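Taken verbatim from TrEMBL:
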type	residues	note
BINDING	A:Arg66, A:Thr67, A:Arg116, A:His144, A:Gln147, A:Gly272, A:Pro273	carbamoyl phosphate binding site
BINDING	A:Lys94, A:Arg177, A:Arg231	L-aspartate binding site
Amino acid sequence: MNIAATSSFVLNRRHLLGIEGLSREEILGLLDLAEEFVELNRQIEKKRTSLRGRTQINLFFESSTRTQSSFELAGKRLGADVMNMAVNSSAMKKGETLIDTAMTLNAMHPDILVVRHHASGAVELLAQKVDGSVINAGDGAHEHPTQALLDALTIRRNKGRIEGLIVAICGDVLHSRVARSNIILLNALGANVRVVGPSTLLPSNVERLGVKVMRDMREGLQDADIVMMLRLQRERMNGSFVPSSQEYFAYFGLDQRKLAYAKKDALVMHPGPMNRGVEIDSSVADGAQSLIREQVEMGVAVRMAVLEALARNLPNA
Amino acid sequence: MLSDRRPILLANARIVDPSRDLDFPGDVLMADGVIREAKRGISAAGVPAGTEIVDCKGHIVAPGLIDIRAFVGEPGAEYRETLATASQAAAAGGVTTIICQPDTTPAIDDPAIVDFILRRARDTAIVHVQTMAALTKNFEGQEMTEIGLLKAAGAVAFTDGARSVTNAQVMRRTLTYAHDFDALVVHHTEDPDLVGEGVMNEGEFATRLGLHGIPTAAEAIMLERDMRLVALTGCRYHAASITCRQSLEILQRAKENGLPVTASASINHLTLNQIDIGSYRTFFKVTPPLRAEEDRFALVDAVSSGLIDVIMSDHNPQDVETKRLPFAEAAPGAIGLETMLAAGLRLVNNHGVRLTTLLGAMSSKPAELLGLPGGTLRNGAPADVIVIDPDISWVLDPSDLKSKCKNTPFDEARLEGRVVRTIVAGRTAYEYAST
């Protein structure tokens, strides 16, 4: 059965570069549209034709299995022709070379470019140079908007709401684009957001983003409805930011003991991939309170929603 | 264990309690390892049966000293000093708590080694022993240690001993991280590049001796940098060894700006100067180097004013192999646990430093800084107490020293006043037998 989308939501902008700047209505519109795709994706027949004839290029300057395959599947299920381009970022220099790449691609008339880049702001720079739509699939430590949307969808489906929930975002906030996008989105929808981690992994003035800052997990998790763990990159572990994985896990890793400080029905999330035994204990990651696998499922639906909502606004749509 | 500890009454004493700035005639009663009372008029009749009554004959009774900077060779250099010998030297000098420095082999940069030190001390030492842990792994100044786990294991503060963390980014992150754990960072402020090949204070005297000099700026620049990083991070910071006027000015400004900063000076820098090196006497080679007399005077004033919070021994035993060498090649360091107080009394006798100020800088201030229970004669405090006879005039004979190494700069020095009894946890750990 081919379910037709009932939502007529249109994202009235050419690109999705971040959550910042999206209105509450736009966010909710995307989430509602994504709900429909969740249902579609659970059918045997998953294909739609709304992107038929469109070309989607996944331009990944930084490797990512999860996000790239999620976008690829989303594009294909909507009928787009999807091409994956992995660009060795070390062979590239920023600035002109990035623009050169953009111009080269632009000459091939893609309709949608899904871009991941290791430098904050690179996706926005590229968006200025191309004619089609650009979706930010993660730029440096800046934003990862589809991750925030899929997190919000996961929360809403499990809690029935986002407003008023206490969400603790824990760990390496400093390097996390996921954290930034989530903070902006969850605030826009009325959640109470906390960030929890060692000061070395918290950006300066992060409280100005409208979050409570806590440095102790027990305090930070107290009465939380949602515990969102972040990945600690292993190269950040020794010496520079935290002393060792052993100490990090002891004070900031999520295990059952720390989770007990959160509400009884608290739910655990992680954008993946996880470092088990570093930021999260296996018993929690695989436990009854974990939404981690559901997040992956929601990822495809959210990306379909974003692609479709942008495509509805493309020329000749 | 407690049953063999008789109560002690120190009668007819001059009680000096720097934690409350008190100096009055009275008596001190100790039982079960704690101070029961320190007041005027505790009569022998009013004490528990079996109490050992000591007539102090008007001598000073004060809290036991807490030495926050002692290098002990255990583990790894037991030929220089062990926890046992250091503790005997400490008891003879009135030091009831030693704070070990982490520069041992292996370095105290792992919770298991903190545990080893504390257990070893329980088994072999006759005074209390606490330890600082390394600030960076293996003192390399690159990777911070497990500050949380080390603190949980019992480390009272974090330091790279006689080494400075030169990388400002590493220092910033370490201070930031330490602040989350309310850990105290103790830093030796000496820029190694400016120290270069220097072996003594830079100036005319070094020029005359033909030795490479170390400028006071080597200390001041590093301290100034640290003050900026403390302002940025809010971490509790202790300058390990201040030696010159320039540093005092920086410290003064930092304190006036409300930064959580404290500082120590070693007994060597407070009582000796670069001229004492004389004809290349390596017992006077310490790090940072002994400075000019005007710097020493400034340090003494800073103790009086409270700008310098703590006086420490900087006890660093070196054997003949490392000291009987040409000055430039000899290892720096001097022992000091046994002589810290006696030498410190020179500041009282010759420079007008108040006795409570001196004793406070060696007991109540370090206790406060490290969150230790001693350093006071309040009721209920640990019975770590010393009796000082301020009138004993003596000449230091190195062969009388308890320390394994004899590298004392006070070799044959005439000293005024000495500890005659040291009580640790209610037990007499040292008693001076005048001959």
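In case you wondered, yes, glycine gets a Cβ from its N, Cα and C as well.
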Carbamoyl phosphate site shell beyond A:Arg66, A:Thr67, A:Arg116, A:His144, A:Gln147, A:Gly272, A:Pro273, criterion: Cβ within 8 Å of Cβ centroid: A:Ser64, A:Ser70, A:Ala137, A:Gly138, A:Val178, A:Pro271
Rounded distance in angstrom between the Cα atoms of A:Gln147 (carbamoyl phosphate binding site) and A:Arg177 (L-aspartate binding site): 9
Cβ-based isolation winner (fewest other Cβ atoms within 10 Å) among the binding-site residues A:Gly272, A:Pro273: A:Pro273
Those residues of the chain, 6+ apart, with a Cβ under 8 Å from that of A:Arg231 (L-aspartate binding site): A:Gly171, A:Asp172, A:Ser176, A:His270, A:Pro271, A:Gly272, A:Pro273, A:Met274, A:Asn275, A:Glu279
Candidates A:Arg66, A:Thr67, A:Arg116, A:His144, namely the binding-site residues, that fall within 10 Å of A:Arg177 (L-aspartate binding site) by Cα distance: A:His144
Least buried by Cβ count (within 10 Å) of the binding-site residues A:Thr67, A:Gln147: A:Thr67
Number of other Cβ atoms within 10 Å of the Cβ of A:His144 (carbamoyl phosphate binding site) across all protein chains: 27
Helix, strand or coil at A:Arg116 (carbamoyl phosphate binding site) [DSSP, three-state]: strand
Cβ-Cβ neighbours of A:Arg177 (L-aspartate binding site) (radius 10 Å): 23
Maximum Cα-Cα separation in Å among residues A:Arg66, A:Thr67, A:Arg116, A:His144, A:Gln147, A:Gly272, A:Pro273, which the record lists as binding carbamoyl phosphate: 16
